[in-house]
Amino acid sequence: MLIRYFEGEGFRVSAASDGPAMRDCLAKAATDIILLDLVLPGGEDGLALARDIRSRSNIPIIMLTGRDDVIDRIVGLEVGADDYIAKPFHLREVLARVRSVLRRHQAPVARGDDETTENFCFDGWQLNVGRRRLLASDGSDVALTTGEFDMLCVLVKHAGRVLTRELLMDLTRSRNMEAYDRTIDAQVARLRKKIERDPKNPTLIQSVRNVGYVFSVKPTQE
């Protein structure tokens with residue numbers, strides 16, 4: 001059903017029935033986005049598969065599941081999924097979610113406005129907003145999911161300002177995935193693991209109890 005629908009919308013679709021088949025598809029062709037069912041044939045764990053994908057790649061992942069459980073949604077986002085859709089779903093909704101994630105993930109390199117040249121430096125990191133790249137002090141790229149990158153951009157651009165979870169949801173456009181407070185916490189936790197010297201004692205992204213988060217270092221802009 002999904003295959004025919006997306007092909008009818010002009011997408012090239014590759015189908016995989018399990019983890020090995022999916023890895024084979026990823027090895028053979030460039031992939032822009034993955035729709036991953038949480039429950040796979042043979043009892044394979046979709047969450048484990050998503051975690052494996054995320055450890056190797058920053059390809060956007062949208063998880064599909066028949067289990068409408070808050071914990072499942074949170075865990076899915078914690079392992080790196082960019083969005084989460086519960087069954088039964090409308091095909092047009094899935095299409096809208098796919099297009100939304102793709103728009104957020106793809107770099108607006110052809111645009112000529114100021115946003116494409118925004119470049120923030122902080123604590124040895126370099127954040128290029130237009131090209132959607134985070135560079136470490138040695139110049140290497142750091143893989144971030146779409147949600148993680150959007151979250152970091154919002155925090156950096158509002159450095160020194162306490163942002164509530166509600167505001168973070170709005171500014172990162174997370175309303176389209178039935179976001180909960182803990183999904184924001186999950187994204188922040190993943191970001192800390194990637195940019196903090198000591199994620200357990202963060203100095204960049206600090207928590208404000210019962211309110212939200214603040215980016216505590218003032219970045220320089222180039």
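Glycine residues also receive a Cβ, built from the backbone N, Cα and C atoms like all the rest.
The shown structure was predicted, so the numbers you read here are calculated from the model rather than taken from an experiment.
According to TrEMBL, the protein carries these features:
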type	residues	note
DOMAIN	1-102	domain 'Response regulatory'
MOD_RES	ASP37	4-aspartylphosphate
DOMAIN	117-217	domain 'OmpR/PhoB-type'
DNA_BIND	117-217	DNA-binding region
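Sorting the domain 'Response regulatory' (1-102) by DSSP state (H, G, I as helix; E, B as strand; all else coil) yields 52 helix, 15 strand, 35 coil. For the DNA-binding region (117-217), the mean pLDDT of the prediction comes to 86. Assigned with DSSP, the residues of the DNA-binding region (117-217) fall into helix, strand and coil as follows: 39 helix, 22 strand, 40 coil.
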